[in-house]
Ligand SMILES: C[S@@+](CC[C@H](N)C(=O)[O-])C[C@H]1O[C@@H](n2cnc3c(N)ncnc32)[C@H](O)[C@@H]1O
């Protein structure tokens, strides 16, 4: 946390009234400038920060510690946007909605440095003001300077105390602001995990996640992969390796480039493995992945069924994502089909079917810095309709005695328990207690479904329900 050391401010920052001083040559710090430009790409083009930033860094030849700082500022400011905006709003006499968006991007990077880094306040203010002057001229630079100087008056804790509702009166609103989450998402987490754990759940969701790898079964063991990459064997998945957060681009690792390993959250590995574990009577060589792009789980399931001499059919609606599945499953007994999982035109009678349905992704917000502010509650209705239809289709494609895993990367109850109870009511399938199929994983709750959590398991918040078709 920063040491704060600023004289009191005269009041809210106003745009300057006097004529601005003659422009001086400006040197905008290239590291902070790419952070501001990436926020702009996220805002204007709906870009993903983690896709927009790396090419900019490359283009500007920013590497090493500078690249690490640009990444921290960009992703951090994306994550903390709601908190940063509340502070900026309090420090300015202009409503945010009337503020020049380019100026707001720069102010977010500036206030992020003040609240959540150890960068000295004078450096954070001066470098941000330089960027505003460079991009927008002296007038707005003066305004930015006044806003930022006001923002230096309190540290993060002080701002939260000033701006968040009291925890005793509105715990969800308080924790939402403390951990920079939209209120509706904090509410969704509270509904799923309970108020007692909400603080820990949101805190873990606000932290930078470790990268996990999957060692492709039959090619390399997790121990070998850990030794090569300098990571640690994962605690729960027999195929998992955990790397340190910020350990560089995992795509550059040789085993990943060679196809022996892939980047995949340990929770994703565990839910895919849970599908393979219930004992079946009868044949067990036809598996189906109904929403397979870009192919992470198809790679793991495909490797396992290939070793057993069976086949995985992988369905994906988007052609470019189907191509990614082909690349991810090269060399495996996997047939990729472009089609709609609700009516894929495949012969029914599968032994095991995975429905890893499109969802809000509220369980993987850590990995998509801007996602929590982009997602809207209005997205949920259309998604749950599609999820229900996909699960009913999966049940129809599974043979009597076969098993379906319904999986989403979200803890939001309408997408999890709501979809599963609808399918049980309509079809009479049996829900299995999924917990025994997550061996050695602690804190799995009351079942029968499993909800993983970053703060409990160090994984994304994956949900898994196992359904068996009556024999
Ligand atoms: C959560 S992702 C699946 C992730 C994948 N299982 C993995 O591990 O890499 C959901 C996928 O379903 C696809 N999808 C969306 N609607 C679909 C539909 N009606 N039928 C089949 N796939 C669909 C999306 O394009 C997306 O690739």
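The backbone N, Cα and C atoms fix where each Cβ goes, and this holds for glycine too.
Any TrEMBL annotation is an automated prediction that lacks curation.
Keep in mind it's a predicted model, so treat the numbers as computed, not measured.
The S-adenosyl-L-methionine site in TrEMBL is built from 291, 292, 293, 294, 295, 296, 297, 340, 356 plus one of 266, 316, 323, 370, namely 316. Here the CA atom of residue 409 (active site, nucleophile) lies 20 Å from the CA atom of residue 340 (S-adenosyl-L-methionine binding site). Between the CA atoms of residue 293 (S-adenosyl-L-methionine binding site) and residue 409 (active site, nucleophile) there is a gap of 14 Å. Taken together, the residues in the domain 'SAM-dependent MTase RsmB/NOP-type' (187-470) have a mean pLDDT of 96 on the 0 to 100 scale. Around residue 293 (S-adenosyl-L-methionine binding site), a 10 Å sphere centred on its CB holds 24 further CB atoms from the protein chains shown. Note: the CA-CA distance between residue 291 (S-adenosyl-L-methionine binding site) and residue 409 (active site, nucleophile) rounds to 13 Å.
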